[in-house]
Amino acid sequence: MGNQLAGIAPSQILSVESYFSDIHDFEYDKSLGSTRFFKVARAKHREGLVVVKVFAIQDPTLPLTSYKQELEELKIRLHSAQNCLPFQKAAEKASEKAAMLFRQYVRDNLYDRISTRPFLNNIEKRWIAFQILTAVDQAHKSGVRHGDIKTENVMVTSWNWVLLTDFASFKPTYLPEDNPADFNYFFDTSRRRTCYIAPERFVDGGMFATELEYMRDPSTPLVDLNSNQRARGELKRAMDIFSAGCVIAELFTEGVPLFDLSQLLAYRNGHFFPEQVLNKIEDRSIRDLVTQMINREPEKRLEAEDYLKQQRGNAFPEIFYTFLQPYMAQFAKETFLSADERILVIRKDLGNIIHNLCGHDLPEKAEGESRASGLVVLVSVITSCLQTLKSCDSKLAALELILHLAPRLSVEILLDRITPYLLHFSNDSVPRVRAEALRTLTKVLALVQEVPRNDVNIYPEYILPGIAHLAQDDATIVRLAYAENIALLAETALRFLELVQLKTLNMENEPDNEEVDEATRPNGDYDTELQALHEMVQQKVVTLLSDPENIVKQTLMESGITRLCVFFGRQKANDVLLSHMITFLNDKNDWHLRGAFFDSIVGVAAYVGWQSSSILKPLLQQGLSDAEEFVIVKALNALTCMCQLGLLQKPHVYEFASDIAPFLCHPNLWIRYGAVGFITVVAHQISTADVYCKLMPYLDPYITQPVIQIERKLVLLSVLKEPVSRSIFDYALRSKDIASLFRHLHMRQKKRNGSLLDCPPPEDPTIAQLLKKLLSQGMTEEEEDKLLALKDFMMKSNRAKANAVDQSHLHDSSQKGVIDLAALGITGRQVDLVKTKQEPDEKRARKHVKQDSNVNEEWKSMFGSLEPPNIPQALPKTSDHEVVQPGKPPRSESSAGICVPLSTSPQVSEAAHIPSKKPVIPVVSSTVLPSTYQIRITTCKTELQQLIQQKREQCNAERIAKQMMENAEWESKPPPPGWRPKGLLVAHLHEHKSAVNRIRVSDEHLLFATCSNDGTVKIWNSQKMEGKTTTTRSILTYSRIGGRVKTLTFCQGSHYLAIASDNGAVQLLGIEASKLPKSPKIHPLQSRILDQKEDGCVVDMHHFNSGAQSVLAYATVNGSLVGWDLRSSSNAWTLKHDLKSGLITSFAVDIHQCWLCIGTSSGAMACWDMRFQLPISSHCHPSRARIRRLSMHPLYQSWVIAAVQGNNEVSMWDMETGDRRLTLWASSAPPLSELQPSPHSVHGIYCSPADGNPILLTAGSDMKIRFWDLVSPERSYVVAGSTGSPSVSYYKKIIEGTEVVQEIQNKQKVGPSDDTPRRGPESLPVGHHDIITDIATFQTTQGFIVTASRDGIVKVWK
């Protein structure tokens, strides 16, 4: 802006905030620095943060317009340069005090990024250098020179995308070498004295003598543009190349600049060369690149494009050119503003990304680790999105991406870039995200095989404290994830500690190594660190082992309790883990937890040693008598494994063998197999003498013959006796007095053995009845012996089940979310809807239970009040035979004969389980109850009858609606069989003043309606279209909706018409058609106005008639599918279409109204199940051409007919499979090709089943009406078209599995014109002269076609 400004001192210095008082779109946020040339601030704008550069105007006459025009032209030129960020706005006089420049705010520049953690690695530096050269190349190709490239003007986003900004074409090109004032004023904004300016820009100070003289003259203005032209000479490309080289050098030397001002001037004169700084660049290719770029001779510097080509495969990996640059550029576009969208796009492309960056799908690093290191660039994109993700799905997708990429990333990236974000996710508000973050963190840390020097204490100081809160998380799934992964976390932490210790020892033992750096030495010695680690993990393990949810404890045991034993050591494994695990067997309600104990105990016992066998023996015995047979199986397997490992003492082995032998006749197959497994392992472990002397006596009662090879499972299984019958076993086990049963069975056995002379029948009638039941189920003497063999097990199991039942009652009463109605004194009532057979009066008894007085009245109303006022307290005595059987509550019957079972009180229920000879329950006679109680029952009965009647009516309506849909016809009046319209014009109607958008015919074919852009809806009488009258006019016109009427549909016959306009209005009109054709009337009934921003205007509509509801379904341009219930004026349903598939253009409804299909502007066809309002399938046209019109196929339920943009294509798609079944192709282009030499499209379609021979009528932009015979395609023809159109033929062929009916123009015959006789005098063309927008048919005495066109014409044909 002229060198003279450098020497002028401003008369007044104002703060940058003061300049914002005159601009209203920007709100001052904070200052970003201030120099004499520019004051820089950050401001808030409705579109985000912006950088505002303020130039204080000292002279109001200063001409700044030319500079503004230059900056605006620069902005236009750089519009497509994705690595350039020019000023978006320039205000030469934003106020009287200043001119301002505006651009988007980016947080970090390259100077700051170099010194910010995590530090850039080598591949990231190369990527940034590559982008710097790319940005310079983009600018130069656009005809723009930067003029001030430096690290402060290279912006770096959070995902390492480079933006070259603050283009300085307004700054002087040349500077005096003997006066640093200009350099300080224009270029040294950071006050670092760093110089990036090309040496040729410093010239002899003599050329500025004239300007200096001007400055001495007080009358000279601040800037004299004419005298400043020498300083504003043309910027050369080589100047930018030099500056870019200095920036790249500073990038690779960790912020050490190549030149300051004095060094650059010396370099210009050949007295200095920055060799010392260049040698700090370790990469030789980068060093050579920088050396070439800072060549003192500008002619020897190449173009940026040449450097990119030269260093391809050298300084810059090939993957930058082939994949990363084009792929990453898509995220710089404005369309990718959402972090969620970026993550979902990367997840979708993950396979392609890994293939390109790694060359294979496996994490091996065989060829070119540099290719896999390109993933670091992608990781920066992922991590930059993590903190701004909104949806749960996106967060889970991001964690999934990290997990896929982690095996291919370096240790530094995993610890410095990935781990902090995973810990961030561990504090997310969504439990699923917290749980998945913990799992991902565990797996990522397990991949680390070496610990960098900076991360020696990462576990005790960062990771474990960062996730400590998850052990007490409110969500069970989070604690579950912690329990699932804590063993691996502890294992990895111990490995980290050992790696650090080993690394420290190796460094200390190296003879040529200096004193070990304190940073690499862990705090204190190894034992202290290990103890601290043990305490941290132990605290969380104990918390999880004491968790209120059993599933957390179970998961901890199943997911690595053995690894925790190894981590803690033998002493703590016994004191901490085993002591807590033992308590799990006290939970009698959750057999899964008890089973998990026996699954895990083997690993713990193996680590603790055989000393634990005395502790475990009673626990294992308890498992063998568990109430749940699955737990018994797991206990047997645990015993077998412990015996194999030698963890059981020999006396204990024999004791267990005696307990387990009876299981050989247990009815459960798994238990028998488990017992056989234990017996065979014991036989294998002990000597042959012990087998026959100590083991065989236990087995003899259960085998059919003596056996030698007991240690072989198959042998032992083959000689086992048949097990006890399951029915007998279960019935005996459920007996309440099982001890008495076994005493009697034992006496019967003694009698059989001869040791007892007589066995009297049992005195207790209960035992007698039980024995009788067992004998009736087939219990033999052999079965009795087997039951006696299982006596000890069955007795213990019976007691265990009884205890479990008692504890379950206690447990349920305090369980969250469970309401104990009995405890509240509330009696449930069940009413039989079928009148039962009357019982004798003496059996019709009603039991009264006194209820708590504080029961809520609302509950009494729902469940019934059984306590009448002033009920007599004295109860009559009942006979002994009135016994209430368990499970069959006493019944109460009202005067109407409705039976009402009444539940017993808790005391009665409890008494029912106590063995008693006469469990008599007192009942209340019905005669005792006062009349108020009967009135309450009568009221309940009335309400019940009303409910039944309501349900019957509802069921009736649903049945009628179902029958209506099942019997639904395609149309009430289909065309007559063999109908083939001749194309004779019957009526030419020109009442509309603008394009007609839609035609609809009423169900009875009495009327048809048209809507137009002229804002009118016209109703026409079909009967008048037969050509018998001289003039044909519409019978009704409605024009009060406003806007352009885009679509309409008839509702419920001919009486209602729904219309929609582009102004968001939807109206339901009533048509009084009963007096046709005399004086019809039309009037609005209902209306609604859609939100144009939220929904947009309606593009298509249809009517659902489901019997119970009359629903008007309409689709809007913004993707809403709404069902408007016309009977209640509310929405029956609302669906939301994903606009990523394109805007909705049309939709069609299945004839049975079970599903609908929408078509979009991007060629997608999406199906929705209307029963559940869920999307079910989506398919897309191969060319993604716009869907013009959709219709259902009249014969095939899953087919839709779609008219698409171009080639007059109409295709029939099977939405169930996604296949294109049939295509009608009225174009000269090759069938099914995606080329479109024919721009014509079908805008209107009509399809009819036509008595099993479906036909299709199409019309569109070529102004022709075509008749397609879908059964015999060769019989298709053009019904009406423009005069002189060539004749056509139709041929059927199969292309790529799709049937195609193609229209082919016949060759014109060459010869005299009179070869073909004329039918009459030359007639005027009767076809349409503009695009046909819709087509329909109606039937009167014959079939008619009605078409409408864009010029407002409606024509009727026959």
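Every residue gets a Cβ built from N, Cα and C, even glycine.
Per Swiss-Prot, N-myristoyl glycine is recorded for Gly2. Per Swiss-Prot, the feature domain 'Protein kinase' maps to 26-324. Sequence annotations record features per position, and here Swiss-Prot assigns ATP binding site to Leu32, Gly33, Ser34, Thr35, Arg36, Phe37, Phe38, Lys39, Val40, Lys53 based on sequence analysis. Marked as active site, proton acceptor by Swiss-Prot on the basis of sequence analysis: Asp148. Among the features that Swiss-Prot reports, repeat 'HEAT 1' is placed at 413-450. The feature repeat 'HEAT 2' is assigned by Swiss-Prot to 458-495. Look at Swiss-Prot and you will find 572-610 tagged as repeat 'HEAT 3'. Swiss-Prot lists 612-648 with the feature repeat 'HEAT 4'. Per Swiss-Prot, phosphoserine is recorded for Ser808, Ser813, Ser853, Ser865. Residues or ranges marked as repeat 'WD 1' in Swiss-Prot: 991-1030. The repeat 'WD 2' annotation in Swiss-Prot covers 1040-1079. Residues or ranges marked as repeat 'WD 3' in Swiss-Prot: 1093-1134. Per Swiss-Prot, repeat 'WD 4' is recorded for 1139-1178. Among the features that Swiss-Prot reports, repeat 'WD 5' is placed at 1182-1223. The repeat 'WD 6' annotation in Swiss-Prot covers 1237-1278. The region 'Disordered' annotation in Swiss-Prot covers 1307-1326. Here Swiss-Prot flags 1315-1326 as compositional bias 'Basic and acidic residues'. What Swiss-Prot lists as phosphothreonine is Thr1316, and the listing cites similarity to another entry. Residues or ranges marked as repeat 'WD 7' in Swiss-Prot: 1327-1358.
Between the C-alpha atoms of Asp148 (active site, proton acceptor) and Phe38 (ATP binding site), the distance comes to 14 Å.
For the ATP site listed in the record, the two most distant Cα atoms among Leu32, Gly33, Ser34, Thr35, Arg36, Phe37, Phe38, Lys39, Val40, Lys53 lie 14 Å apart. Sequence-distant neighbours of Leu32 (ATP binding site) (same chain, 6+ residues apart, CB-CB distance under 8 A): Val40, Ala41, Arg42, Val51. Contacts of Ser34 (ATP binding site) defined by a Cβ separation under 8 A and a same-chain sequence distance of 6+ are given as Val16, Val40, in order along the sequence. Beyond the ends of the repeat 'WD 4' (1139-1178), by six or more residues, the same chain brings 965-966, 968, 970, 1099-1100, 1102, 1104-1106, 1113, 1115-1119, 1121, 1133, 1184-1192, 1197, 1200, 1202, 1204, 1213, 1215-1216, 1218 to within a C-beta distance below 8 angstroms of the stretch. Helix first, then strand, then coil: DSSP counts for the repeat 'HEAT 4' (612-648) stand at 29 helix, 0 strand, 8 coil. On the 0 to 100 pLDDT scale, the repeat 'WD 3' (1093-1134) averages 86 in the predicted structure. If you look at the repeat 'HEAT 4' (612-648), the same-chain residues 6 or more away from its ends with a CB under 8 A from one of its CBs are 574, 578, 582, 585, 588, 591, 594-595, 597-599, 601-602, 604-606, 655-656, 659-660, 663, 668, 670-671, 674-675, 677-678, 681-682, 685, 792-793, 796-797, 800-801, 804.
The Cβ of Phe38 (ATP binding site) lies under 8 Å from the Cβ of Lys53, Val54, Phe55, Thr189, each on the same chain and at least six residues away in sequence.
Taking the centroid of the Cβ atoms of Leu32, Gly33, Ser34, Thr35, Arg36, Phe37, Phe38, Lys39, Val40, Lys53 as the ATP site, the other same-chain residues with Cβ within 8 Å of it are Val16, Val54, Thr189. In the three-state DSSP assignment, the secondary structure recorded for Ser34 (ATP binding site) is strand. Sequence-distant neighbours of the repeat 'WD 3' (1093-1134) (same chain, 6+ residues past either end, Cβ-Cβ under 8 Å): 954, 957-958, 960-962, 964-965, 1046-1052, 1056, 1058, 1060-1064, 1066, 1068, 1086, 1143-1149, 1153, 1156, 1158, 1168, 1170, 1173. Residue counts for the repeat 'WD 4' (1139-1178) under DSSP, helix first, then strand, then coil, are 3 helix, 23 strand, 14 coil.
Counting only same-chain residues 6+ beyond the ends of the repeat 'HEAT 2' (458-495), those with a CB under 8 A from a CB of the stretch are 415, 419, 423, 426-427, 431-432, 434-436, 438-439, 441-443, 445-446, 448, 451, 529-530, 532-533, 536-537, 540-541, 543-544, 547, 549, 551-553, 555-556, 559-561, 563-564, 566-567. If one looks beyond the repeat 'WD 2' (1040-1079) by at least 6 residues along the same chain, the residues whose Cβ comes under 8 Å of a Cβ in the stretch are 994, 997-998, 1000-1004, 1006-1007, 1009, 1011-1017, 1019, 1021, 1023-1024, 1085-1092, 1095-1103, 1105, 1110, 1112, 1114, 1124, 1126.
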